[in-house]
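The transmembrane segment annotation in Swiss-Prot covers 4-22, 59-77. According to Swiss-Prot, the feature topological domain 'Cytoplasmic' maps to 23-58, an assignment based on sequence analysis. Per Swiss-Prot, the feature topological domain 'Periplasmic' maps to 78-324. The active site feature in Swiss-Prot is assigned to S91, K146; the stated evidence is similarity to another entry.
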Amino acid sequence: MANMFALILVIATLVTGILWCVDKFVFAPKRRARQAAAQTASGDALDNATLNKVAPKPGWLETGASVFPVLAIVLIVRSFLYEPFQIPSGSMMPTLLIGDFILVEKFAYGIKDPIYQKTLIETGHPKRGDIVVFKYPEDPKLDYIKRAVGLPGDKITYDPVAKEVTIQPGCSSGQACENALPVTYSNVEPSDFVQTFARRNGGEATSGFFEVPLNETKENGIRLTERKETLGDVTHRILMVPIAQDQLGMYYQQPGQPLATWVVPPGQYFMMGDNRDNSADSRYWGFVPEANLVGKAVAIWMSFDKQEGEWPTGVRLSRIGGIH
């Protein structure tokens, strides 16, 4: 869908750009010549309305030429600078909430062509802890957003009971791994969020996330716990469901590695959601190739209070600002 929109935007910009050039370099000089001839023939100065009647500009040409600068600016900004995205799910809570509208820095990981997403100019690579928008490897039409936890060459081990990550850099190409990266965790505390569980009439299970004061409860809800996770020099909060256990049988098992251990190949990344028990991420479907990277999430520019798949019920202006 995103690539289709980009294709339509590129085509519209090219078509209106051609109209703008044709008008500027072909039709406009002819109109000016006819207007000058009319001025000479009348012997008096003609006003603009009269001159426009003498040499009118076709409506379709005027519309196309006037739209071109706007489309060109939108194309440049959206393709190479910043693109807006909406957060549709709770997988990155508490950092990003359902209903957040974010700005993604498109040039953070390379300047890419807007249609095929081929890198034209390399500008950088994800750093550990970056919040990254990328094309889902199993269906590139979908945009995902997760946190970059593992970089190329990292050995990632996830403890599904303690829900903690161990990272050993420099493990690719059969080399001996370097010392483990300092990954620290604060004490587990109750969070402000409650996850509710219910079933629709058809039997389909549904879930929602709500901010609920610590001294209150919510029907069919479980209060999530949280702690701070520090990956090197990046600290952020993660959420956990106290009673949840990962479905290890659904983990992506890398050939040659034990379950829940992965060595990130060159040019690929290991992504995880901050809402650890509510995130389908690299633990389940593997690595993200560098070619799939879209950009780095840098700011929230608007936020609506809403649940997944429902209409907004309010505006959260306090969330507008940078993302960490």
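Glycine is treated like the rest: Cβ placed from N, Cα and C.
A Cβ distance under 8 Å defines the sequence-distant neighbours of the transmembrane segment (59-77), meaning residues of its chain 6+ beyond its ends; these are 9-10, 12-13, 15-17, 19-20, 22-24, 27, 114. Sequence-distant neighbours of K146 (active site): residues of the same chain at least 6 apart with a C-beta under 8 Å from its C-beta are S91, M92, I131, V132, F134, M271, M272, G273, S279, D281, S282. Neighbour count (other Cβ atoms within 10 Å of the Cβ, all protein chains): 21 for S91 (active site).
DSSP gives K146 (active site) a strand state.
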